[in-house]
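Participant: Below is one structure. I have some questions about it.
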Amino acid sequence: MLTVDDVLEQVGEFGWFQKQAFLILCLLSAAFAPIYVGTVFLAFTPDHRCRSPGVAELSRRCGWSLAEELSYTVPGPGPEGQAFPRRCRRYEVDWNQSALGCVDPLAGLAANSSLLPLGPCRHGWVYDTPGSSIVTEFNLVCDDSWKVDLFQSCVNVGFFLGSLGIGYIADRFGRKVCLLATTLISAILGVLTAVAPDYTSLLLFRLGQGLVSKGSWTAGYTLITEFVGLGYRRTVAILYQVAFTVGLVLLSGLAYAVPHWRWLQLAVSLPTFLLLLCYWFVPESPRWLLSQKRNTQAVKIMDHIARKNGKLPPPDLKMLSLEEDVTEKLSPSFAGLFRTPHLRKHTFILMYLWFTSSVLYQGLIMHMGVTGGNLYLDFFYSALVEFPAAFIILVTIERFGRLYPLAGSNLVVGAACFFMIFISHDLHWLNIVVACVGRMGITLAFQMVCLVNAELYPTFLSGFGAGCRGNDAASSGDQGGRFARDHQGRGEPAEESKAQRKQDLRSDPNIRIQLAGTRERCFAGDRVAEMRTELSSEEMLGSPKLFLLLACP
């Protein structure tokens, strides 16, 4: 039976069609960056102090500089250098009284200004910034500073809740439907966020955007990796995530050029509507169509891909199928992620890896906003280190596999975060260097988790599995988890022929379903005549160990 990978080898694994789809979907990946970490600029907290009626008039009358005004009218740091009194308390003084002089106006009220009573900021705050953020507009400082964290938490809660349903939608109704629907809703909610009249509506819109935006990114990841051939799948998956890094770099420049949060939110939301052009340029995944027994549509799409690449489709294209002949329609289910011991183990491990990677990645990004330096440059520098991280993955993954790079990158980021505890805030440059090293490590870990995820689940479970783990990545459409490990040079079964073993596998419906999620193939460039795929007893749902001898093309 002809498979999608077989057809792509003949019509182009990364031809004109795939390049066009890749560029369009990379725009989608870049557009996800402002949603994921846009809080750094939308909710930045500038230096601030209590607004005291009469201070501005007294300062103008006395001709004070800003430094003199702060020295005379704003409380000093609290115990052990704490800035809380300076930002959240004011002198209980009537600044309009005529007895106040221009030189040390508080000297006549108390021998030491520290003895004067302090009160809360009843008249709002003065913010030392030329722009605006949700903090300055809704006064999310001092006793209300926790609302800034709630703003970002709403997005993360949306990611979590949305991942439970969006992944299922992608597997149940198709990647393209999921992509278009979530992109449209995310764009609308982004615009509504920019015009939100109050803090409560802002939270609701942000929560809604979190519910759908990750599904949009995941659907794009799944589509592009299912369109390309086996030899390009890993590279395309990594470069799709590099496009997210490009979005981070562009975000820092855009935030610098547009310092007002409402205009910035509009600037990153309105272009998202253009991504709806995917309807005309990006078809449904043929692999998903085959898993749903919609073979006629899959054949038409593969014929379209061949013609766009300037190649003739193979004459037996109508025989297109999954890796094995599966008569029933494969449907996603939550229980499918835990059906076997190996599935359970891998699912729980990926859950943990996703949780730690997400927390550390966002934490290191948010750290850039509290280092005391230039927010835009710090964010820009930390984003740049993600590019060498992607290059390191590309050149090391084949040589060292998945386990060692994943473990090593987690050790690097863990060590960086540990040492940052002991670095003084005065050593700004050292804080930035260590944070960037940690950022590179967590980027490596994050991308490795995405790749491992792409190699563990079958097509009909890929989006659902990614969603239920809260993972950013979706399956690369490799027809399943590589529970089957390819081996070379380990001898051959002595007695049964390949045809007989295939017939034995077809006799058990459970084995057939499992085999549909198994890639039996030869790696590109291997000059071997035969390979065998070993399927362990646990992975074959309790069946005995079986060895399937395969002929390389």
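Cβ coordinates are placed from backbone N, Cα and C, and glycine is handled just like the others.
According to TrEMBL, the protein carries these features:
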COMPBIAS  483-505  compositional bias 'Basic and acidic residues'
DOMAIN    100-553  domain 'Major facilitator superfamily (MFS) profile'
REGION    477-505  region 'Disordered'
TRANSMEM  21-44  transmembrane segment
TRANSMEM  150-170  transmembrane segment
TRANSMEM  177-197  transmembrane segment
TRANSMEM  203-224  transmembrane segment
TRANSMEM  236-257  transmembrane segment
TRANSMEM  263-282  transmembrane segment
TRANSMEM  348-367  transmembrane segment
TRANSMEM  379-397  transmembrane segment
TRANSMEM  404-423  transmembrane segment
TRANSMEM  429-452  transmembrane segment
Participant: Same-chain Cβ contacts of the transmembrane segment (177-197) under 8 Å, 6 or more residues past its ends?
Facilitator: 28, 35, 166, 169-170, 205-206, 208-209, 212-213, 215-216, 219-220, 223, 262-263, 265-266, 268-270, 272-273, 275-276, 278-279, 282, 284, 463
Participant: Under a criterion of three or more Cβ pairs within a distance under 8 Å and sequence separation of at least 6, are the transmembrane segment (236-257) and the transmembrane segment (379-397) in contact?
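Facilitator: Judged by the Cβ rule, the two regions touch, with the required three close pairs present.
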Participant: If you average the pLDDT over the domain 'Major facilitator superfamily (MFS) profile' (100-553), what number do you get?
Facilitator: 74
Participant: Give the one range among 21-44, 348-367, 379-397, 429-452 whose Cβ atoms make the most pairs under 8 Å with those of the transmembrane segment (263-282).
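Facilitator: Going through each listed stretch, the top one turns out to be 21-44.
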Participant: Would you kindly list the residues that approach the transmembrane segment (348-367) from elsewhere in its chain, counting only those six or more residues past its ends and only Cβ-Cβ distances under 8 Å?
Facilitator: 36-37, 39-40, 152, 156, 379, 382, 406, 410, 413, 417, 420, 435, 438-439, 442-443, 445-446, 449, 452-453, 456, 469-472
Participant: Taking a Cβ cut-off under 8 Å, which residues six or more beyond the ends of the transmembrane segment (379-397) line up next to it in the same chain?
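Facilitator: For the transmembrane segment (379-397), the far contacts come to 40-41, 234-235, 238-239, 241-242, 245, 248-249, 251-253, 255, 364-365, 368-369, 405, 432, 435-437, 439-441, 443-444, 447-448, 451.
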